[in-house]
Amino acid sequence: MKILGIETSCDETAAAVVENGTKILSNVVASSLPLHAKTGGIIPEVAAREQARAMIPVVKESLLQMATSLSIRDWRSAIGQIDAIAVTFGPGLIGSLLVGVETAKILSYVWHKPLVPVNHLIGHLYAPWLANSHPPEFPLVALIVSGGHTELLYITGHGKWRHLGGTRDDAAGEVLDKTARVLGLDYPGGPAIEKVAASGEKACFNLPRPLVDSPDYDFSFSGLKTAVVNLASRPADSSVKQLTNRLVAGLAASIQEAVVAVLVKKTVKAAKEFKVSNIVLGGGVAANQRLHEAMIAAFPGKVYFPAGLALDNAVVIAAAAFFNYAPVSWQKVAADAAILI
Ligand code: KG4
Ligand code: ZN
């Protein structure tokens with residue numbers, strides 16, 4: 001089964017075709033990141049307007065790539081081989097989601113293909129199923145760490161998950177993005193902090209690790225963010241510009257250590273309590289190498305990372321749709337304009 005996936009929950013406009021949830025036939029991602037780097041964060045209206053412009057060219061490019069992968073004469077003929085259309089319906093920015101969902105609905109109606117709604121966070125977990133001869137085995141514990149979410153799940157099969165806990169305030173990615181800005185680093189903050197932290201400076205600040213030893217599976221990162229803001233604006237260093245490169249590197253390493261320590265401790269605790277031998281990480285923060293090292297060191301079982309599919313993309317949405325296939329017929333799409341969002 002070949003599924004065309006569409007993903008527009010944040011600032012990416014993505015389309016991909018995946019066969020049987022495992023074989024990538026195309027993968028196209030257009031990002032409006034350079035625009036958001038200028039403003040130090042995403043302005044939802046700007047993101048949605050860019051997505052409205054990029055959506056159709058991105059879908060067309062994914063069909064072109066699919067045609068090449070399958071040696072099909074032209075992209076229009078590739079449409080006939082698509083069995084279903086998958087789309088992220090949430091969570092995400094509403095203006096951005098609407099671009100993808102409305103496009104998917106129209107294509108479903110015009111092409112007479114079923115539509116498969118996919119939860120963005122569940123999509124993030126499917127990266128290890130792509131082109132992997134040894135995909136994860138159930139039951140497993142999954143950690144989803146992105147710009148907007150920090151969620152821990154216990155999963156016993158495709159579509160069978162239990163929410164163990166999540167952040168009570170800021171997400172892990174959000175604290176990296178916000179503290180990076182305080183340190184004068186680029187947006188997005190996660191990769192910027194990782195890069196600066198890798199310069200060799202020690203994690204010399206004893207920053208708070210909220211809820212690290214709490215008996216539940218919840219997270220809280222706002223206290224860490226406040227501690228960094230306070231440190232960076234102490235009278236002695238009254239403006240960010242006065243922070244030396246060494247200090248910024250030391251703070252960046254300390255922030256990364258604090259976030260990683262909490263994520264690893266809670267995830268491994270859940271894996272032990274639920275007696276699983278597989279941990280799956282998903283979402284943008286799961287691209288972090290220090291998180292990889294620390295998770296592997298703390299857990300004797302197998303840890304799966306999203307490799308090149310950590311950031312938002314449509315490949316994982318199409319894969320999740322295959323393994324959790326729950327289609328809405330195109331007739332239903334046509335009859336119910338308000339469907340999905
Ligand atoms: O999953 P994603 O692309 O978008 C959302 O669904 O939010 O995640 C974006 C988040 C941002 O907060 C970004 O700073 C973070 O992932 N991120 C990283 C790294 N690459 C992206 N955080 C830590 N280390 C990285 N290498
Ligand atoms: Zn995401």
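The backbone N, Cα and C atoms fix where each Cβ goes, glycine too.
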Worksheet entry | Record-annotated substrate site (TrEMBL): member among N245, N278, N288 besides I144, V145, S146, G147, G148, D177, G190, E194 | N288
Fill in: From D11, D312, the one annotated by TrEMBL with H120, H124 for Fe cation
D312
Worksheet item: Near H124 (Fe cation binding site), meaning Cα within 10 Å, which of I144, G148, G190, N288 (binding-site residues)?
Response: I144
Item to complete: Fewest other Cβ atoms within 10 Å: which of the binding-site residues G148, G190 wins that one? Let me know.
Response: G148
Discussion item. Suppose we draw a 10 Å sphere around the Cβ of D312 (Fe cation binding site). How many other Cβ atoms does it contain, all chains included?
Written reply: 26
Discussion item. I'd like to verify something. Among the binding-site residues S146, G190, N288, D312, which ones have a C-beta closer than 6 angstroms to some atom of ligand 2?
Written reply: S146, D312
Response to the item:
Cβ neighbour count (10 Å, all chains) around H124 (Fe cation binding site) is 30
Worksheet, complete the sentence: Of all C-alpha pairs drawn from the substrate-binding set I144, V145, S146, G147, G148, D177, G190, E194, N288, the farthest apart lie at a distance in Å of 18
Worksheet item: For H120 (Fe cation binding site), what is the tally of other C-beta atoms lying within 10 angstroms of its C-beta?
Response: 25
